[in-house]
């Protein structure tokens, strides 16, 4: 499948990557992992897919966890936002090493390393074949990068959000690491995900997606080529939408 939609408009997606993915399960950046992700993004862009990315910062800081250690929640969230920018710059570097023009836009102004977040400018970059990476979350505390991924996708008119997960290849009826009888959903309704508290994203982000009918595909990051397949629109993982829930065969 190519990056072209059925109409005249090219496919435009937002890829959500967790900070934990960048760290390979450790604090800091696992360059091998980030390089592989970059290498899998480029083929999809070359086939015409317009790719925006939101990156988390959990491999450096998490505001909620810092709060438990006695740090003010707002300040901890800002520390997490700065962590996302470090991840953005790392991914930008590896993408550019692959010859892919990339721009970083941040919700907190830091002109020496990134552009400010301007939706129309981001759209223009995408139309020119550049990858756009959004950093610093929403620029405000108490907003998760899951929520930011939905908000940004709506503002720049993405067809769907792609949630890359570690350790699972989609959304299951139960935690597959704890329940051997857990089944993967092929399709999942927003309401079922919310009512059953299934591991898609946080409730605020999922509610925003439901209210605006923004499709979400949840897939596993570990499999070779999975990022490329998801970007191209292949049916891997679990699609969360208004459709009825069905289990994978």
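Using N, Cα and C of the backbone, Cβ positions are placed for all residues, glycine too.
According to Swiss-Prot, the feature ATP binding site maps to 16, 17, 18, 19, 58, 62, 166, 172, 175. Look at residue 58 (ATP binding site): DSSP puts it in coil. In the shown protein chains, 20 other C-beta atoms lie within 10 A of the C-beta of residue 58 (ATP binding site).
Summarising the annotation, Swiss-Prot assigns UMP binding site to 57, 77, 138, 139, 140, 141, 142, 143, 144, 145 and lists sequence analysis as the type of evidence. On its own chain, residue 57 (UMP binding site) has 19, 80, 81, 82, 83, 84, 85, 86, 87, 137, 145 as residues at least 6 apart in sequence with a Cβ closer than 8 Å to its own Cβ.
Rounded to a whole value, the Cα-Cα separation of residue 144 (UMP binding site) and residue 58 (ATP binding site) is 11 Å. The two recorded residues, residue 142 (UMP binding site) and residue 58 (ATP binding site), have Cα atoms 14 Å apart. Cα to Cα, residue 58 (ATP binding site) and residue 140 (UMP binding site) are separated by 16 Å. Sequence-distant contacts of residue 18 (ATP binding site), defined as residues of its own chain at least six apart whose C-beta falls under 8 angstroms from its C-beta, comprise 56, 58, 145, 164, 165, 166.
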